[in-house]
Amino acid sequence: MLQLLKSSWVRSAGSGVVTWRASAGLFCPGTRQASDTSDTLHHPSPSSESQVQPVRVCSMMHLPLQSSPEGLDAAFVGVPLDTGTSNRPGARFGPRRIREESLMLGTVNPSTGALPFQSLRVADLGNVNVNLYNLQDSCRLIREAYQNILATGCIPLTLGGDHTITYPILQAVAKEHGPVGLVHVGAHSNTSDKPLEDKVYHRTPFRRSVDEGLLDSKRVVQIGIRGSSRTLDPYRYSRSQGFRVVLAEDCWMKSLVPLMAEIRQQMGGVPLYISFAIDALDPAYAPGTGTPEIAGLTPSQALEIIRGCQGLNVVGCDLVEVSPPYDLSGNTALLAANLLFEMLCALPKVTTV
């Protein structure tokens with residue numbers, strides 16, 4: 001299902017030196033290969049160990065690497081696909097860069113009191129082996145991979161990848177849970193039909209999801225939408241389906257805590273999927289993306305949105321549209337890594353103090 005670089009740590013007797021040994025593979029993931037579902041997976045992030053940061057090989061938050069979701073409550077999964085991009089490419093490199101920027105993340109969330117690693121079994125499952133030459137085949141591969149993950153009860157947290165990937169993920173999620181609620185945070189509504197004569201690309205995932213009955217349309221909220229358009233009412237389709245559309249200008253200079261209180265009430269206990277495109281944020285904070293739009297959300301508002309989902313029945317999350325070639329400082333990927341950690345902290349069963 002997932003193509004991984006099989007690896008192991010070897011410690012020389014009495015030397016204290018840890019040697020990285022790897023066999024052939026397609027993806028260079030993280031620290032240690034977790035081959036069983038023992039209590040060792042109930043752990044703080046390995047970033048708490050005594051090794052200095054540059055010594056370790058990169059996985060999300062230095063989590064153990066597993067080739068199977070069996071026994072996990074949640075897992076980080078990379079989908080390095082950008083062949084659905086309409087403007088600037090590069091999101092295929094997003095998972096790798098986000099993992100790199102996650103290495104300094106801690107194990108608890110002092111702001112919310114969340115203790116994810118004391119509550120859940122979590123690992124990094126590596127990357128889905130997409131087909132960069134065939135978008136339709138990539139969608140099939142993603143859908144099948146996520147069906148296997150979800151069938152075990154594991155909640156996937158996805159590192160994208162362009163927003164096309166949300167469509168096959170939602171196909172798998174809906175097969176497991178039925179139509180789901182959606183909190184979509186992004187600059188674009190992504191409800192186009194086929195403006196480029198193709199029904200599947202990063203501007204169409206939620207249109208296709210409605211077509212296939214994957215969403216509970218009365219429980220879909222889109223936040224941060226903005227930008228110029230070729231029509232005066234570019235959000236007509238979303239609103240006609242019952243989506244709540246919260247424009248970026250309605251968020252300017254405001255706390256979004258009251259908005260999220262309304263959304264929590266709207267969602268109730270239904271299964272909820274969170275899809276966060278990094279272009280929701282103003283490009284002053286997140287320049288490394290394929291289709292930036294000015295006057296976006298702030299990082300603190302992004303935190304309010306994700307933290308506002310804590311306690312809801314979250315069944316999956318993604319963070320998409322990070323394009324490292326346009327992220328010279330690494331700040332965009334750093335934001336993405338932190339937002340994924342916040343998503344982990346917002347999952348069901350995560351205890352707080």
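Every residue gets a Cβ built from N, Cα and C, even glycine.
As annotated by Swiss-Prot, Mn(2+) 1 binding site applies to H163, with the evidence given as sequence analysis. Annotated Mn(2+) 2 binding site per Swiss-Prot: H188, D279, in sequence order, evidence recorded as sequence analysis. According to Swiss-Prot, the feature N6-acetyllysine maps to K194, K218. Summarising the annotation, Swiss-Prot assigns N6-succinyllysine to K218. The region 'Disordered' annotation in Swiss-Prot covers 29-52. The annotation transit peptide is assigned in Swiss-Prot to 1-33.
Of all the recorded positions listed here (H163, K194), the one with the fewest other CB atoms within 10 A of its own CB is K194.
For the binding-site residues H163, H188, D279, a Cα-Cα cutoff of 10 angstroms around the residue listed as 'N6-succinyllysine' retains nothing. Rounded to a whole number, the C-alpha distance linking H163 (Mn(2+) 1 binding site) with D279 (Mn(2+) 2 binding site) is 11 angstrom. Each of the recorded positions H188, K218 was scored by other CB atoms within 10 A of its CB, and the lowest score goes to K218. Across the structure, D279 (Mn(2+) 2 binding site) and K194 (N6-acetyllysine) place their CA atoms 21 angstrom apart. Here the Cα atom of H188 (Mn(2+) 2 binding site) is found 15 Å from that of K194 (N6-acetyllysine). Taking all protein chains in view, 29 other C-beta atoms sit within 10 angstroms of the C-beta of D279 (Mn(2+) 2 binding site).
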